[in-house]
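Below is one structure, written out as structure tokens, with a few remarks after it.
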Amino acid sequence: MRIAGLVLAGGSGQRMGAEKALITLGGQTLLSHVVARLAPQVKVLALSANGDPARFDDLGLPVLADPESELGAGPMVGVRAGLRWADAEGAQALVTVAVDTPFLPTNLAVRLLATGGAAYAKNAGRAHYTAALWLTADLARFDRLFETGERRMRPYLEGAHVVDFPGTPDPFTNINTQADLARAEAALGGGAV
């Protein structure tokens, strides 16, 4: 099965006060951390981001922007665009991750794919819907649901497998605030991740 990957970076980063993709952690951007972990797990990789795509030229990745009518409508808009792109790339599945999860597992795609269908990650009882495997075969169903106005991720993952990724710290920890960034720096410096 050909698997594509998509880094979801279309949010505004209001709580951080800056664009999350470009925030530095341990001398590298969050985007660089996530790309380094996800790229080896997939055949092709793209970025879901809005604004001027030139700021990501150094990565050499396709940048998928949300339609203007859907700006700010949430990550499902990016997932849908990513599925269309993945399908055009000949992929049967798309693994998505959020740009603010720099410690995501290096076996994420393999573990999700092993379920044999759509799946999402969980740690310590907490669902991580952005860390998911989506099937391009589900595009028509997603389009129908999308047309109803549904933008939350959970309904699109109805019936999907759940894959537990145990461990501390949570490998899907989001960096949403400066305090989160400081904790991530400490974890990185202390070798906890």
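Cβ atoms here come from the backbone N, Cα and C positions, even for glycine.
Model, not experiment: these values are computed from the prediction.
Among the candidates ASP87, ASP100, ASP138, the residue that TrEMBL names alongside LEU8, ALA9, GLY10, LYS20, ASP66 for the GTP site is ASP100. Contacts of LEU8 (GTP binding site) defined by a Cβ separation under 8 A and a same-chain sequence distance of 6+ are given as SER48, PRO75, GLY78, VAL79, THR96, VAL97, ALA98, VAL99, THR130, in order along the sequence.
Cβ neighbour count for LYS20 (GTP binding site) (all protein chains, 10 Å cutoff from its Cβ): 21. Taking a C-beta cut-off of under 8 angstroms and a sequence separation of 6 or more, ASP100 (GTP binding site) has the following same-chain neighbours: LYS20, LEU30, ASN174, ILE175, ASN176.
Other C-beta atoms found within 10 angstroms of the C-beta of ASP66 (GTP binding site) number 19, with every protein chain shown included. Largest CA to CA distance in the GTP binding set (LEU8, ALA9, GLY10, LYS20, ASP66, ASP100): 18 Å, whole number.
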